[in-house]
Amino acid sequence: MARQFPLEKTRNIGIMAHIDAGKTTTTERILFYTGRVHKIGEVHDGAATMDWMVQEQERGITITSAATTAQWKGHRINIIDTPGHVDFTVEVERSLRVLDGAVAVFCSVGGVEPQSETVWRQADKYGVPRIAYINKMDRMGADFFRGVSMIADRLGANPVPIQIPIGAEDQFKGIIDLVTMKAMIYTDDLGTTSDVADIPGDLVDQANEYREKLLEAVADTDEELMMKYLEGEELTEEEIRNGIRKGTIGLKFIPVVCGSSFKNKGVQPLLDAVVEYMPAPTDVPNIKGVHPETGEADERHSSDKDPFSALAFKIMADPYVGKLAFFRVYSGVLGSGSYVYNSTKGKRERIGRILQMHANHREEIPEVYAGDIAAAVGLKDTTTGDTLCDDKAPIILESMQFPDPVINVAIEPKTKQDQEKMGTALARLAEEDPTFKMHTDQDSGQTIIEGMGELHLEIIVDRLQREFKVECNVGRPQVAYKETIRRAVKSEGKFVRQSGGRGQYGHCWIEIEPLEQGSGFEFVNKIVGGVIPREYIAPIGQGIEEAMQNGIQAGYPVMDIRATVYDGSYHDVDSSEMAFKIAGSMAFKAGAAKADPAIIEPVMKVEVTVPEEYMGEVIGDMNSRRGRIEGMEATGTAQIVRGFVPLSEMFGYATDLRSKTQGRGVYVMMFDHYEEVPKNIAEGIVAKRAGA
């Protein structure tokens, strides 16, 4: 089968936004208009095609990024619908990594909400060109122009409207296209029929004002256009469109369109904008990587002729075909049944079938080309972020970084059968989601699961019950405390065991010192003159790392330290790797106790939006939770309070906030950094762990 759509006519886009700005509804409408769905699914009916997990349909939120493909005006658009809830940031992160462009959906009433900022920063990090779509223009309090100025103020972006609305709230009738200077007025409910008319008289001045701003932005992208514009010549429609495309792809500005997806208004012009202004795989820079053996920089061009390279960005357990690996092809061609080389793991794997996904129904295809997004069956060893490539031209593409979990709960299976199933089920879920981790607590023998927030873990437990039929009891959420040291010390570890036959001998001197937050663990070898043979150096590091897992004061993992081994001694006969591992562990324990140890806790960035009359109460409550207020701002009738609060003080906050504000307050929080726990609280934590 030859390529259906040329690379220039392929668009890989994501739909990203705050919860409830209408991402999934917008995607549903796109699928309806491009002929992929014959009946529109509504999120609030639990029937949206993209929200295919049971948990999503019940909660009306999108958890996993469903990938689907649609066609519009001779172009193929691969769409990834991403979740807006902060606990699922990992899904947004991995989607943005493999996209070429994104549609950022904003609610015309709420404008730029906290999660929009997080997602926006993630898109900035990957340099993803964007179109802003201001949705819900039919809602009470809709204000397109306020939305535009919020994008400029709160996101520091340069928004340029290429449309303006005709009316707002229940008077929202259509849109004015500032490129053609025509009005598009909707005449039926499905938004499939619309009349193109002249601009209503009362909006002519406003349309001219915004067209002038658009022309200015377009002229800025190109010197010839700038000269033409400054000399007062009229720019042609084609020149304007080319200028918008150039400005968007070059990240100079963000074109802004508007509509009401629920009322089917503005979705086709949004699709036109995606096709006209979003980059094709050939418009974005070549994908960078390194050669797995030499470590030298390498790259691949978006072309079918280059050697095959792809990035696996999501692993999913599927009830019918087993493990599905979603991947984005950057270069080359791949046929089903062929072998690929997983350069991250150093393994050859066979691709069984290649599927093109439409939310949760799938179509088998014989091969994929550069620029495609598809799912493969049969990749047993591949996990998120792995590179798949041609083994004759190996490359490791830049992967993604995922944050460490900040919250954990203990779970116990209800029966013996559940016990066996639970291990396999958790391993499958951990494969799908890199921010979900699990381990067994050494002391209690309990299984501990860790994640990015309460909702994240709730959904994991829910999936255990539904998909894997594992019934389990869940403990109270616990904070992922860590320990660290505050000053550098030198210490000795000596392990000598002399019993009949061969003895054990390991001896080392180490220096441990604190590092900056987020540095992890560094192990440095400064042994000279062979006082400790080379083969015993690594075991010392392993011994230190193992001791770090068991903490200093309260048994929490130790982070952000550098350990340097600088002296020691060995015995020709009695020394062994095991003896030096124990010596390393002993040296760390002896030193850490004298290094002014401290317990540190995750601190969350919190934003609370409340009506003005509850401000005092909310600020007082935040202070009582050891919070630090960073700032406040007014938006319409509400106030936003921003601050940092330790995670341990935030459990149950949703209920408290609801009762304090009569259900009118909302909040979001995301992990920000670790901070030292105050002495009185640290003592309580140590005592509790000792008592446990």
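Every residue, even glycine, has its Cβ placed from backbone N, Cα and C.
As given in Swiss-Prot:
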type: DOMAIN; residues: 8-282; note: domain 'tr-type G'
type: BINDING; residues: 17-24, 81-85, 135-138; note: GTP binding site
type: REGION; residues: 285-304; note: region 'Disordered'
type: COMPBIAS; residues: 290-304; note: compositional bias 'Basic and acidic residues'
As a quick check of your reading of DSSP, tell me how many residues in the region 'Disordered' (285-304) are helical, how many are strand and how many are coil.
0 helix, 8 strand, 12 coil
Validating a neighbour-count step here. Other CB atoms within 10 A of the CB of M137 (GTP binding site): how many?
30
Reported mean pLDDT - the domain 'tr-type G' (8-282):
77
